[in-house]
Amino acid sequence: MPLEDGNPARWRGQRANGEVSGTPHPEGPGHGTAAPQGSGTEVTAEGREPGTPQGDKDMTPEGAGRQEEALMAELSELVQKVVKNSSWWDRHGVDISILACSFLLLPAGFLCLRSAQAIPFLVGVLTLGVVHHTLTVKGSHLASHNALTESKSWGKVWAIFFIELCSAFTAEQATYNHVKMHHGYTNVIGLGDSSTWKLPFLNRYIYMFIAPLAVPIITPLVALGLLRNVDWKTALRTLCCMFLGLCCHYWLLLHVSGFQSPWSALLCMLLTRSLLAHPYIHVNIFQHIGLPMFLADRKPKRIHLMSLGVLNLPRHALLDWSFGHSLISCHVEHHLFPSLSDNMCLKIKPIVSQYLKQKKLPYNEDTYTSRLRLFLQRYEELMVHAPPITELVGIQ
């Protein structure tokens, strides 16, 4: 697994056991997207491996950097052993099967919408809504990381299919913004700090409970704006895929589900495509915003950056199926090893959590309801105002 270069990790405002607190840092505000959470208690760590004599530790930036790289290399070796000993089914088959099952449920969902009775109709809406989010969130996320196949060529095909055809977005920009920026610079102000999820002109209740309903409309509009950043051939391909995906959905509602009015078909499209938009928005902000933030020239090395700036939510059957483990309960593991599939992230979770806790690195976990309560209480601080910058003062 590639290591990411960065400055020696010297951090502040995080409890030694990795627990996330709601008390803001005393440092002044920066610019970007989120306010880091911390206990407000300065923690200066030793920067040495367990068993290393106190007097022998290397306090130079170069020595601290080497120690952090050694930690990441050791963890990577442990994870790589699990990956090598895992079958194709574990590495890719489980997640491909989930996506295949979702495709197989599509006919049943469209046919249920033909019913004039409420219960079958609602079953159809729920089925299509879950299938849509499985393909557009789980499928697109795995495809953007090339985690569905070992082949880069097929990975490109799946990325176009899931991101452009199913999600009505542009594959190149989605991959660049998510993989290159968000993963490469997690919680780094102005680069990978999740600022695209902030709408500071909205109040907390509109943002958290009403605005997500507009995600199916906003997504293709944003994609159209991003086409300015790609060459004309890519833009033309993206437009064709987006148009084909939206038109197929609309046509199936008219000719298979039997909708008589174009407006009723469009309303059903909006309903199914926004069914899980609320948890989608919530998950994207819960797992990064409110955690320590860094400046680009003073960010920690990879293992500290990911352990400090990423949070896991508990397992949830519906969200695990629709969004994938790497976006819910294994987000820390996913950020450390982004090329692994959802099932593999779940498989290495005990190893990663045990290793980080053994090395006294943060391993952030919180419940969905706790994070929702936190964001409602501190919305102005976390989503409107500029965040404090985490001052790096020692190595944990």
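From the backbone N, Cα and C atoms, a Cβ is placed for every residue, glycine too.
Fair warning: this is a prediction, and the values are worked out from it, not measured in the lab.
In TrEMBL, the transmembrane segment annotation falls on 279-296 of the listed ranges 117-134, 153-170, 261-278, 279-296. Along the domain 'Fatty acid desaturase' (121-365), the predicted structure has mean pLDDT 96.
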